[in-house]
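In Swiss-Prot this protein carries:
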type: COMPBIAS; residues: 65-79; note: compositional bias 'Basic residues'
type: COMPBIAS; residues: 170-190; note: compositional bias 'Polar residues'
type: CROSSLNK; residues: Lys48; note: SUMO2 cross-link
type: CROSSLNK; residues: Lys207; note: SUMO2 cross-link
type: DOMAIN; residues: 88-148; note: domain 'Tudor'
type: MOD_RES; residues: Thr22; note: phosphothreonine
type: MOD_RES; residues: Ser25; note: phosphoserine
type: MOD_RES; residues: Ser28; note: phosphoserine
type: MOD_RES; residues: Thr66; note: phosphothreonine
type: MOD_RES; residues: Thr82; note: phosphothreonine
type: REGION; residues: 1-29; note: region 'Disordered'
type: REGION; residues: 54-85; note: region 'Disordered'
type: REGION; residues: 94-207; note: region 'Required for interaction with RPP20/POP7'
type: REGION; residues: 151-219; note: region 'Disordered'
type: REGION; residues: 237-264; note: region 'P2 (binding site for SM B)'
Amino acid sequence: MAMGGGSGVPEQEDSVLFRRGTGQSDDSDIWDDTALIKAYDKAVASFKHALKNGDISEASDKPKGTPKRKPAKKNKSQKKNTTAALKQWKVGDKCSAIWSEDGCVYPATIASIDFKRETCVVVYTGYGNREEQNVSDLLSPASAVDNNVEQNAQENENESQISTDESENSCRSPGNKSNNVKSKATSWNSFLPPPPPMPGAGLGPAKPGLKFNGPPPPPPPPPHFLSCWLPPFPSGPPIIPPPPPICPDSLDDADALGSMLISWYMSGYHTGYYMGFKQNQKEGRCSHFN
């Protein structure tokens, strides 16, 4: 920008950097679509000229005649198949039909045939249901057998999948088994006899200086020994070991082993109690004579 002492107009002219319309830009013809319009008009004119001369009508007649012939051939083939089906099936023939309710194939017998409508009435074997079917939709009797085999295979596969899922769930939840063992152990603890009374309790007044030197009672058995089933007992602790189950045939090896271990435990319990009682009596006599 010139900083001179002249008039203001020369300063404004010197400060202008760009003026529209004064120069020729390289991209001035970007929006010029004159050539495109001319090409479109030329194509439309040539199409109209060909249409007037009849060149396009001949080409258009050829594809029109082709689809008319194909449906005619298809209809003939369909009629041949339907006629063959009508000749094949007779009243009383065994067949297989698709029941409209569930879409499955069932064995059936043809009760009547309508040759005009090309339909028939079938009676499903073993069910007695009647249904109208197209003759062309009837299947051979072996189709029902094959369908039943596939259904049975699918049902067996579903059952095996369910049993596999149940076994996996039982393996993943061991807490339920431990809870069952604990509940059985708790119920059996109420049936165990009480610990033997100390010397002097129920046997007359206790004498000074006497001590019970007999073997202590055995500890309670582990919970897994108490998991076997035994019949219920009346209220109160039993004096003798409980009898074995009434129906031993219904028990497995684990239950039989549990019953045997319980019997051993109870036998040792009462044996220790008896030995302690005898030793207490013997020591009491010795101290009495001394």
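Cβ atoms here come from the backbone N, Cα and C positions, even for glycine.
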How many helix, strand and coil residues does the domain 'Tudor' (88-148) contain under DSSP?
-> 12 helix, 27 strand, 22 coil
How many other Cβ atoms sit within 10 Å of the Cβ of Lys48 (SUMO2 cross-link)?
-> 10
